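Residues or ranges marked as compositional bias 'Basic and acidic residues' by TrEMBL: 18-28. Among the features that TrEMBL reports, domain 'Amino acid transporter transmembrane' is placed at 42-437. TrEMBL lists 1-28 with the feature region 'Disordered'. For 45-64, 71-92, 165-182, 188-207, 275-297, 317-339, 360-380, 386-407, 419-443, the entry in TrEMBL reads transmembrane segment.
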Amino acid sequence: MSAEPVASLGEKFSPSEPQKEDKRTAEEKAIDDWLPITSSRNAKWWYSAFHNVTAMVGAGVLSLPSAMANLGWGPGVIILILSWIITLYTLWQMVEMHEMVPGKRFDRYHELGQHAFGEKLGLWIVVPQQLICEVGVDIVYMVTGGKSLQKVHDLLCHDCKKMKTTYFIMIFASVHFVLAHLPNFNAISGISLAAAIMSLSYSTIAWTTSVHKGVQEDVKYTYKGSTTSGVIFDFLSALGDVAFAYAGHNVVLEIQATIPSTPEKPSKGPMWRGVLVAYIVVGVCYFPVALIGYWMFGNAVSDNILVSLNKPTWLIVIANLFVVIHVIGSYQLYAMPVFDMIETVMVKRLHFKPTRMLRFVVRNVYVAFTMFVGITFPFFGGLLGFFGGFAFAPTTYFLPCIMWLALYKPKRFSISWLLNWICIILGLLLMILSPIGGLRSIILNAKSYGFYQ
């Protein structure tokens, strides 16, 4: 990483400055102790590692071979590698900015946005995008979990009566009506650890089973689309698939908020250690699945690689069950900041009492909402492309860079300045172009889809 921003950090915010006095009232402290993000700060560095793996390696990894089919070998490999590098850089920026002001922690993405852009503008810039990301992920995971359960059912029970996808999504949602009531990030650490292990496991199964299946006889590496416009739209949608795969930034500050911090041992040390471990795991999962999956199946690969793999049956069943366990953990990880936002508004703005009943109602309504939308629009590939470009590109690829430029003001044309502007330009292109392909895919699927099937 560039050394210049770190130097400017030292110049502007000296660690020797005294910590600010905690001026919160007893009521404010009680509310902070109740809210999900700030209620527990005793996490270890490895919590950061598996929370970040769970947040990032999700449904997106299963769509990467299909994304490669729409991008082609050259552009696909370049975009995968560039995305890994850029998102690691922007994630490092967020870890650094978490405690850039002595005595204050930016525990939530929107709090950092408010510090960078102002109290009102910061909220308007960050909160809508973050909500679209987190709610969007949870909707997609509703679909993913339901379809993976359906795949298990169909593989194990050939003679059984066919069940609607709707029912499987409802079965998957029923788990969350229970788990949603865990109070904070540390309370879901066990689920998150299991989810991280599952993500590594099913990714490994996906690419090793692809190798075992071998290169298909009629494999083709040409673009799927039969027309020029089709190829272009598919390419744009695939950009969104890649953006969706690198979605962990939306919860990174909230994860870091759970790590204890002192002036002598700030939280960025253990947090960054966990992030590096997580990104190594991300690389081990993403690159083999994307490249080997495309190599074996070519442009005939499904938008979910596990759908292309039917044998050995027992292994594919296990892989799909691993996916279900993983997206259970991922759903909770992305839902927790949303719960925090809603409960903060309810308690601080609308002056509801911070009670179990309030939490019970808020969280059940949220789970029911994501279930309903997932049942209504179960377009897996199109949802990835649309949400990936429209929402994840800003919060993952370039919003941290804009904040960095606004707060640290690196010298014009310095390495830091150039790096940030390159990320901003690439991220803007991604945000503008990829939703077009994803929206087209949703429209095409909707034409042949009977609702609530």
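Placement of Cβ uses the backbone N, Cα and C atoms for every residue, glycine included.
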Quiz prompt | Maximum Cβ pairs under 8 Å to the transmembrane segment (419-443) - stretch from the list 45-64, 71-92, 188-207, 317-339, 360-380 | solution = 71-92
Exercise. Please indicate, using numbers and ranges, the residues of the same chain that are 6 or more beyond the transmembrane segment (71-92) and have a C-beta under 8 Å from a C-beta there.
Key: 1, 64, 221, 223, 235, 238-239, 242-243, 245-246, 248-249, 252, 272, 275, 279, 282-283, 286-287, 290-291, 294, 396-398, 400-401, 419, 423, 426-427
Quiz item: Of the listed stretches (45-64, 165-182, 275-297, 317-339, 386-407), which one yields the highest count of Cβ-Cβ distances below 8 Å with the transmembrane segment (188-207)?
Solution: 317-339
Exercise. Between the transmembrane segment (165-182) and the stretches 45-64, 317-339, 360-380, 386-407, work out which stretch tops the count of Cβ pairs under 8 Å.
Key: 360-380
Quiz item: the transmembrane segment (317-339) vs the transmembrane segment (45-64): three or more C-beta pairs under 8 Å (separation of 6 or more)?
Solution: yes
Quiz item: Any residues 6+ beyond the ends of the transmembrane segment (386-407) with a Cβ under 8 Å from its own?
Solution: 5, 60, 86-87, 90-91, 93-94, 97, 100, 109, 112-113, 115-117, 125-126, 129-130, 132-133, 136-137, 140, 236, 239-250, 416-417, 419-421, 423-424, 426-428, 430-439, 441-442
Exercise. With a Cβ cut-off under 8 Å, give me the same-chain residues at least six positions beyond the ends of the transmembrane segment (360-380) that come close to it.
Key: 59, 63, 135, 138-140, 142-144, 146-147, 165-166, 169-170, 173, 176-177, 180-181, 303-304, 335, 338-339, 342-343, 346, 441-442, 445-446, 449, 451-452
